[in-house]
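Take a look at this one; I'll ask things after.
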Amino acid sequence: MAVKTPLKWVGSKARLMPQLLPHLPEGKRLIEPFAGSCAVMMNTDYDEYLIADVNPDLVNLYKTMAYHTDALLIELEALFSAGSVGDEENRAIFYYAVRDAFNQSGKSFGSESVEAAARFLYLNRHCFNGLCRYNRRGQFNVPFGKYKKTYFPADEIRAFAEKAKRATFITAHYSETLDLVRDGHDVVYCDPPYLTDTDNFTAYHERGFSHMDQGRLARKLRRLAERGIKVVASNSDLEMVHYLYAGFDAVRVNAPRSVGAAAASQKVAAELILKSPANPAIGVRTVMA
């Protein structure tokens, strides 16, 4: 059974780990430019990790869980306790008060703010379907989730803190993170916001992630593969993805979907595990997992 993470997260790899693990390469350090919930870190055993994301709220949470574990748990327990009082209307009022406070001051406490991290994790566990979404002003805008009871992830936070002893956390664009790859030392796993036919949901961070970003990322990973770096990426099973990653081995897997803004998204969906081949000039091969 996969190790759970403290976060509810769109596209979390926790339940896909049995299918993903056989395809992750051996190496000393794993680099993740799109770390998300850190499910891959929590379910692998590399000597070192470079964990990165462009979302500063998320990276602040990583650092706070790692370096200020007890203080975070105290803050978080107070929020969870206060947020569970009363009927649904009262719980919603409290949720929106926390959301407003987070948006007004959550980004101004500094790079390792316990209060901002606690608010962010509280919002993540109580918002609709665990979405992480921002408007164009950079404000977290997911509505209240209307849950009767919300799980308090104390054990998961402590497990994260223990695993984080091997990790370095940075707030960085994926291109900056991939520039830090060292030959003969690092392997790469990329789990970007997936390419979709409609691009209905790409605002995991206020900058979003466009079709052009998908192409730039694929080219960056191809250049790493040409250097001999072992690269693995996940993405949708779409014709455009096959085109972008021509030369990579493509393994088709069925991934469970339980978090999404649309009810129709809560089902099994086909996706690809893309692996840099020994010879990057070979055309893309698609196989079933």
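Cβ atoms here come from the backbone N, Cα and C positions, even for glycine.
According to TrEMBL, the S-adenosyl-L-methionine binding site annotation covers Trp9, Lys13, Asp53, Asp191.
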What is the total of other Cβ atoms whose distance to the Cβ of Lys13 (S-adenosyl-L-methionine binding site) is within 10 Å?
23
Looking only at DSSP and grouping its letters into three states, which state does Lys13 (S-adenosyl-L-methionine binding site) belong to?
coil
Fewest neighbouring Cβ atoms within 10 Å: which of the binding-site residues Asp53, Asp191?
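Sparsest of the binding-site residues Asp53, Asp191 by Cβ contacts within 10 Å: Asp191.
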What other residues of the same chain, not counting Trp9, Lys13, Asp53, Asp191, have a CB atom within 8 A of the CB centroid of the S-adenosyl-L-methionine site?
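So the additional residues around the site are Gly11, Ser12, Glu32, Phe34, Ala35, Gly36, Ser37, Cys38, Ala39, Val40.
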I'd like the Cβ neighbour count for Trp9 (S-adenosyl-L-methionine binding site), meaning other Cβ atoms within 10 Å of its Cβ, all protein chains included.
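For Trp9 (S-adenosyl-L-methionine binding site), the 10 Å Cβ neighbour count is 21.
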State the three-class DSSP label for Asp191 (S-adenosyl-L-methionine binding site), counting H, G and I as helix, E and B as strand, and everything else as coil.
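In the DSSP reduction, Asp191 (S-adenosyl-L-methionine binding site) maps to coil.
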Find the longest CA to CA distance in the recorded S-adenosyl-L-methionine-binding set Trp9, Lys13, Asp53, Asp191; express it in Å as a whole number.
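Maximum Cα-Cα distance: 16 Å.
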